[in-house]
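Accompanying notes for the structure given below.
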Amino acid sequence: MYIMKQSGWLELICGSMFSGKSEELIRRVKRATYAKQEVKVFKPAIDNRYSEEAVVSHNGTSMTSHVISSSAEIWDHISESTDVIAVDEVQFFGESIIGDLSSLADKGYRVIAAGLDMDFRGEPFGVVPNLMAVAESVTKLQAVCSVCGSPASRTQRLIDGKPASYDDPVILVGASESYEARCRHHHEVPKKTD
């Protein structure tokens, strides 16, 4: 199926955990819906923290979504009448999402993606840096540091209340029981070498 629209683009919303990425994605989707645009919302199957079927922000705002295991599945859910495609937790998808989202924008869709730009180690996370490079618009949000109240750009993983080691697995789906927002100065990663 080849679908061509008037104009398309890719918007990326990124930042640390608790910075409001999902909330901003939901806000943009609601505005598109108010404008009578047809919207399709997607999230990765791995993200089941708050709901199996919905994109849910940490403050409880939610929106029904299609749960997919691979970005290729997006194509199965869209049609010529679709105007906007929104994808939450984009960092959990493989490299193919970069090409899929770019192709969707090339075909005229407004594509909104949201995800973590850094992992708990403070390093670029998955596909997000490459999406930042190809997006027409990048919005980087900040949370509030749980230690000092300064703007927080990092995600602190905690294990039994202590900072996780650099050697721990990068992906661990969780929320406030496992993570906090931290500023540059209070972000700790034991065993990290500079």
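Here the Cβ of each residue, glycine as well, is placed from N, Cα and C on the backbone.
Features reported for this protein in Swiss-Prot:
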type: ACT_SITE; residues: E89; note: active site, proton acceptor
type: BINDING; residues: G15, S16, M17, F18, S19, G20, K21, S22, D88, E89, V90, Q91; note: ATP binding site
type: BINDING; residues: C145, C148, C183, H186; note: Zn(2+) binding site
Subset of recorded positions (E89, C145, C148, C183, H186) lying within 10 A of K21 (ATP binding site), CA to CA, in sequence order: E89
Where G15 (ATP binding site) sits in the secondary structure, as DSSP reduces it to three classes: strand
Three-state secondary structure, which DSSP defines for V90 (ATP binding site): helix
DSSP state at C148 (Zn(2+) binding site), helix/strand/coil: coil
Rounded distance in angstrom between the Cα atoms of H186 (Zn(2+) binding site) and the residue listed as 'active site, proton acceptor': 25
By Cα-Cα distance, the member of recorded positions E89, C145, C148 nearest S19 (ATP binding site): C145
Among D88, E89, which are recorded positions, the residue with the most C-beta atoms within 10 angstroms of its C-beta: D88
Where the record names G15, S16, M17, F18, S19, G20, K21, S22, D88, E89, V90, Q91 as binding ATP, the maximum Cα to Cα distance in Å: 16
Least Cβ-crowded entry, counting other Cβ within 10 Å, from the binding-site residues listed as M17, V90, C145, C148, C183: C148
